[in-house]
Structures are given as C-alpha cells and as structure tokens.
C-alpha cells in the first residue's frame, strides 16, 4: 500500500503548516512601537537593544541580517518599509541609503554628539561606534612592527603577511587607500602585496591566531579582535601583539557602525529616541566594554586597558560616506587576483 | 460521473474535447492531447508563481534602460565568469552522477550488507549547508581553496539530488527486465549498463539538472573557497555597490542559461517508455549478489559517507572541542528546531502540491504548453537566493502587504525556490507508471480528477514522497531568503548557524549545524522504512 505514506506526509505537513500559522499570529512586529533592521550581529548587540527597550519605553522588534542585503531590502521596500531604524555594520550601506534619499535628516543635537568625520554628509546618519585597522605582529619574529602598510610589499615580509581579502573591513581599507592615495598607487600596492605571497585566511580571527602561532609574522585585522581575545583568554595566551600605524597611514583607517532613520516609516519619534539612546553614555560604554569598539559620542572614553584613545590615533582623514564606492575596489582586487 | 462516451474524458474538468477517432493510435493520442483543465489550471498557477522572480528582474534590470543593462552584461568578464560557472557545474554534475547512481544501485539492487543504513547515511549530506562543507574542508586542507575545493564541497552536498530520485526510480522499475537479461546470460555489469541505466535515465537526468542549477546558484561554497563564479559576481554587485540594477541584469543571464540547460536536457529525453505494463504487480527485485565485490562495494559506501558526512560532523566536533563560545541552551535549540521543522514541512507540502500538476503534465503530455509549463518551473532555479528573496520583497510589499514578513510568505518563497526539485521527482515517478492504466480508468468513465487521484498519484506516490522529503531538507537549510522574509524575531537552524558563525562563535554554532543534519535523517529514514 502506497497511499498511506502520502497521506501521512500530507497530514504531517498540514499539521506543521497549521502550527506555523498559529505561531505566526503572535508576530511581535505587529505591536512593536519600533522595528529595527540590524545589520549588526545579534550576538553583539542584542543585550544593548534589550536595554534600549526599557530606556525608551517602546516595544522593539529587531530583524537581524547582513548590512548590504538589508540595504537592498530597504531600497526594495521604499516608502512601504517596515523599518523605523537601520543599524548598519558599516558606513557604506548607510551612505548608499542616504544617496537614494531614504534616510530622514537627524536633529543637529544628535549629530553634534559625534565628530563630523563619523556622520553622513547630508546629516541623515550618525556613527555609533568605531573600529580601527591595525597591524597584528608576532613579537617572537618581529622586534619593531612596520609603521606603514607600504612596507608590507618589501622583500623582508615575503610570505609573512596574513590577511582576509574577502573581508568587508579589508575592502573598506583598500577603498580608503584609493580615496587617500589614488587608484594607481593603490593598484601598485595591491600588486606588490600579492607578489609578496601573503597568506589568505577565512576571517580576522584566523589571522590573529596564525600570527599568535607564528605561522605568519604580520596580520591585517580590526583592533577589537585582539582586545576580545585578550579579554577571553588573557594577554599571555594571545601570542600576537598589535600596532596602531602612525602618520595618517591608510592602514589605520577608522570605520564606523551607525544608524539612520527611515523616511518611509511612521516610527520616527521612537526611532529618534533610539538614536539618542545609542549615543548615550550607557550605550557608548557598552560598545567600549562589551564589543571592544571605540565609543564615538563626545565625552565618552573607552575604559578598555591598553586601548589608545581615539583622538590620540593618527588615523587618516577621510569622508566615510565615500566608502560606499566599493565597486571599483572589488574590480581592482579581482584584477590583481586577490578575490 | 459516468460518461456516455467511454473514450472521451467527461466531467466538469475536461475542457477540450479529445480528438478521438480511428486515425491516431491511442498512445500517440495520449501524448499529444492537451492537458485537462483540472491539471492545467493549477499547473499554470504554479508556473506563474515560479516566474515571479523573472517579472521582478525585468523591472529592475531595465529601470535604467536597456542600454545600461547591456553595458553591464556585455563584457569579457561576464563571459569569463560564465565559463567558470559552467565548468564547475559540469564537473560537479559528472561526479554527482557517478556517486548518486552507483550508490543508488548498490543500496537498492544488490545484496549490500546493511543497505538500509547506508541509504539513510548517504542522503544526510544534503542537509549540510554548502558553506559548512566548504568550511570543513578548508579548515582541514587550506590548499583546496579554488576550483578543486569548490567542486569537492559542492559534489558532496549535492549528489543526493541524483541519489534520491534514482533510488526511487530503481524501486519503482520492474526488475523483470533485468532478470530476463541476466537469464539470457548477460553479466551483471552489462545488465546494469544496458538495462538498468536506461530505466533510471529520466530520474538521473532530472537530478543532474538540479545539481547543475544548484551549482550555478551557490554562493556559500564558492565564496569561502574564493573561486569566482557568476553568482559570486552577482552577490558582489549587491554588496559592493548597493545597487540592484547591475545585479538584476546579470541575473537575467543566469535565467537564459537555465532555460537553455533545461531545453537541452528535454531534447535528450527521447521517447522511450519507462513503465511496465504486465499483469499483476511488480515483484520486489531479487538482490544481485556482490560476491567478491562485496568488500569494494562496502568500502565505496563507507568512503563516500566518511568524506560527505563524517568530515562536516568532525568539524562540528572540533568546533565544540576548541571553541570557548559554547553556550548550551537546549530550550532555544528545541524552539528553533521546531520552528524550522514547521516552516520546512509547510514549504515541502506546498511545493509538492504545486509541483504535482506540472510534473504530471511534463510526464504525460507533449507539445508547446506542456513544455512551457515545465520550463517555467525551472527558469528561476539558478538564481541566487538573495535575488529571489528581493523579488518576493518587491511583490509582497506592493501587492500582499499583510503577508510580508509573515509565515505564509516564507513558505511561498520556499515553493518558488524549490519547485523544480519536486517537479523533477514527480515527473520521473509518473513516467514510471504505465499510462495505459490511466487510459483504462478513463475508458471506464473516470474524470480527469479521479484518474489523477485514483491512478496517477497512488502509482507515483513513492517518487512524489521522495521529492517532498528532498524539498523538506533543502527548505531547512535555506538561508538568504529566510533571512529577508522570515517573521521578525523568528529563527531557523540555518539563521542561528549564520548568526553564530558571523561572530566566529563556532562552538555555539555546532549544535545548530548538527541538529540540521540529524533532522534531515528523519525523512530519509521514514522513506526507507516504508519500503520494507
């Protein structure tokens, strides 16, 4: 007999569908006062957003996803977007939405909390936390870490550099270099680096581990990976050290995660409160202590040990909105054969 | 519902009067006849459903004029990426056919020890998301990055697309033909080559097309392996320029390629019959004794299981052992697993229901309409998940606002994404049942709906169920569309896996990946048990 199987499967499927529909009736979005599309990982920001709910007195529903994909989704939704607030992992996605005119102008009082270099040119998005590109090095092999990424193309570092060419932060750094030094210089640098046979890893953490284990001498990473590892394992167990590049070197680019309010939604008052919460001392301290990033709001400094203050860094001056032009960078990386 | 004319199909469903008469032989007549409305109408609904992403692509790719779209598409890089994608697809398809057909024959037709267990084991890789497989291999052998690694990882997660339908088709095939061949002195290998293989050809070819389209649409494995393919180009376009127009224009190229591929497969189908029409029912096949091939056969099954199942599981174990992010939250895991089961089962059910009329028509009718319907089901199948998801966002916010980011839309998305998986299974299953039985039913005055319910579907049931099981598993691991379309706050195993690996919390990710693989074993096990 064959039919009972089909019947059983159908009944099973129908029951499951019913269950899913029933479960779906309690869709939290329907009664939420604010819907946030978060391109930042749930593991990183969930506790903060739970605090936010209490602080602003509105129920919040959060969708997590990839920043770039969510930017595409928001563009597709247009005026009908469900999101009141977009919380992006990097400035580029916010720049793209700003260019399409989908973001609402923020009040000057909110913008003024943050240095102009970490907010949108049109005043419609603001950075909430920053991260710096640093050079990780193995103290057993390297006595003095190079002071510029331009040194990495020298024969001394052949086969000794670890990096993640597919990583968004690396690509933002290359874009930053293009903005600072021009396309020709950047292409030459990429070619030089490629010729120096750097080792490719899947993610920043793997690079840090490889440096710690002495597999490579140097690694191009974001600063907070090191501080997280130190917090988790203790500094002795993390073999690698990090070096902040001086002199406005493109290798110490500061990128920001940030937020913008969607024009198409009717949640602007709640979203505005959320923006102010994210720039409040409480939230900024969270970024400093829990995600080991740089707080960006004036007056808040990181208490993380050994983390040099942001304004002491000799970071390159660059309009983060211009990091939105990744297309050319990718083409360059493809031409050189890195990705 | 009794028909006055025993030849003409009657009943409310039969629209076009069947051109009956002594001129055309019955068999030909059956093949040429237009499908009855009871099949045609739901099939058209399914096809329209599957074509939604194409409508979206038309809007998006042309929003800045055809000249811009042409400029995006017509360059050397497009051709280069296409070439790379097609090469990868060809290699993965060949390897998957080799693995899928050989394992299906061994587990169904031979006296392989513990055949049942093997048949469940070798379907498990299907539940391994391609990026997990790629990650596993890359961690163990960093040197695999590139073409080799991509081909390996993709073959190991997609060969069950061939294995499952071929197994169903071997079980449904009449063993008498093989026995006759053997009794006439043909050796086992030759029998396999001359008799068995032609019997399973439609199922294998259908599976091969699915593998090819899966490879074309895959992003997870090729991005980790750093092998540049066409789909990777499309993703890069979204990620790098935040601009949907170039990505849409490139996606159109994938659709064109898919249609060409499906048409090519249809052309090679031929007109051979695949059904038995003897009296009585088919006996269970007498297992072919393996003799001295017993050990190599076992070794082959063990080797495939080891590389396809044990490697990813081993990686998960390693993640658990070395990671310090392990958070054991059984309640959350259970909730997530239940939610995943719910949407995947609903997705598999809807997909199979929509696929049924299309599959029956594809198997039983020829002609332009039948061909077009089947083509439509496949057309969008090579599109990357993100493109399909965005197209559903586009339509839902405009025309079905209340459904947007609610369960029903997510279930519909699965149906759009995986319709061909179920269509291929249904078509192969229907092909194996003799059309003459349907003719007999019709001649006894059964209307098209009753023929479908009482003859076609019951006979094709094992194949249809296998298709549903396959769809269920691929729904479970779907990520890009689930991320964009799930109800806010809802998690599936795949989205949790994505969240945890996103912060490098591999130990916390491991239980979710393991649950995915274990749950995939359930339908395979049920299907296997039903046979005995």
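Glycine is treated like the rest: Cβ placed from N, Cα and C.
The feature compositional bias 'Pro residues' is assigned by TrEMBL to B:1-22.
Feature annotation from TrEMBL assigns domain 'ABC transmembrane type-1' to B:82-263 (among others).
Under the heading domain 'ABC transmembrane type-1', TrEMBL lists B:337-527 (among others).
According to TrEMBL, the feature region 'Disordered' maps to B:1-28.
If you look at the transmembrane segment (B:37-59), the same-chain residues 6 or more away from its ends with a CB under 8 A from one of its CBs are 13-15, 248, 251-252, 255, 354-358, 360-361, 369, 372-373, 376-380, 383, 387-388, 390-392, 394-395, 412, 415-416, 419-420, 447-449, 452. Annotation comment: TrEMBL describes B:37-59 (among others) as transmembrane segment.
The transmembrane segment feature in TrEMBL is assigned to B:86-106 (among others). Long-range Cβ contacts of the transmembrane segment (B:86-106) within its own chain (Cβ-Cβ under 8 Å, at least 6 residues beyond either end) map to 112, 115, 118, 122, 147, 150-151, 154-155, 158-163, 166-167, 170, 192, 196-197, 200, 204, 207-208, 211-212, 215-216, 222, 227, 229, 257, 297, 300-301, 304.
Here TrEMBL flags B:118-138 (among others) as transmembrane segment.
Taken from TrEMBL, the feature transmembrane segment covers B:144-164 (among others).
What TrEMBL lists as transmembrane segment is B:203-227 (among others).
The transmembrane segment annotation in TrEMBL covers B:247-266 (among others). Tertiary neighbourhood of the transmembrane segment (B:247-266): same-chain residues 54, 56-57, 60-61, 68-70, 72-73, 78, 82, 86, 205-206, 208-209, 212-213, 216-217, 230-231, 233-234, 237-238, 371, 374-375, 378-384, 387, selected by CB-CB distance under 8 Å and a gap of 6+ residues from either end.
The feature transmembrane segment is assigned by TrEMBL to B:297-321 (among others).
Tertiary neighbourhood of the transmembrane segment (B:341-362): same-chain residues 35, 39-40, 42-43, 45-47, 49, 369-370, 373-374, 377, 407, 410-412, 414-415, 418-419, 421-427, 429-430, 452, 456-457, 460, 464, 467-469, 471-473, 475-476, 492, 519, selected by CB-CB distance under 8 Å and a gap of 6+ residues from either end. According to TrEMBL, the transmembrane segment annotation covers B:341-362 (among others).
The transmembrane segment annotation in TrEMBL covers B:382-400 (among others). Using a Cβ-Cβ cut-off under 8 Å and counting only residues 6 or more beyond its ends in the same chain, the transmembrane segment (B:382-400) has close neighbours at 52-53, 55-57, 59-60, 213, 216-217, 219, 231, 234-235, 238, 244, 247-248, 251, 254-255, 257-258, 261, 409, 412-413, 416-417, 478-481, 483-485.
Same-chain residues lying 6 or more positions outside the transmembrane segment (B:406-430) and placing a CB less than 8 Å from one of its CB atoms are 46, 49-50, 52-53, 161, 164-165, 168-169, 172, 202-203, 206-207, 209-210, 213, 343-344, 346-348, 350-352, 354-356, 358-360, 362-364, 374, 377-378, 380-381, 385, 388-389, 392, 396, 400, 456, 459-464, 466-468, 470-471, 474-475, 478, 481-482, 485-487. TrEMBL lists B:406-430 (among others) with the feature transmembrane segment.
Listed as Cβ neighbours of the transmembrane segment (B:451-474) (distance under 8 Å, sequence separation of 6 or more from its ends, same chain) are residues 9, 38-39, 123, 126-127, 160-161, 164-165, 167-169, 171-172, 203, 344-345, 347-349, 351-352, 355-356, 359-360, 414, 418, 421-426, 428-430, 432-433, 437-438, 441-442, 520, 523-524, 526-527, 530-531. What TrEMBL lists as transmembrane segment is B:451-474 (among others).
The transmembrane segment feature in TrEMBL is assigned to B:506-527 (among others).
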Original post:
If we call contact 3 or more Cβ pairs under 8 Å (sequence gap 6 or more), are the transmembrane segment (B:506-527) and the transmembrane segment (B:118-138) touching?
Top reply: yes
Original post:
Between the stretches B:144-164, B:203-227, B:297-321, which one has more Cβ pairs under 8 Å with the transmembrane segment (B:118-138) than any other?
Top reply: B:144-164
Subject >> Contacting positions for the transmembrane segment (B:144-164) when only residues 6+ beyond its ends and CB under 8 Å are counted >> reply: 87-88, 91-92, 95-97, 99-101, 103-104, 122-123, 125-126, 128-130, 133-134, 137-138, 204, 207-208, 210-211, 214-215, 218, 221-222, 225-227, 229, 307-308, 311, 421, 425, 466, 469-470
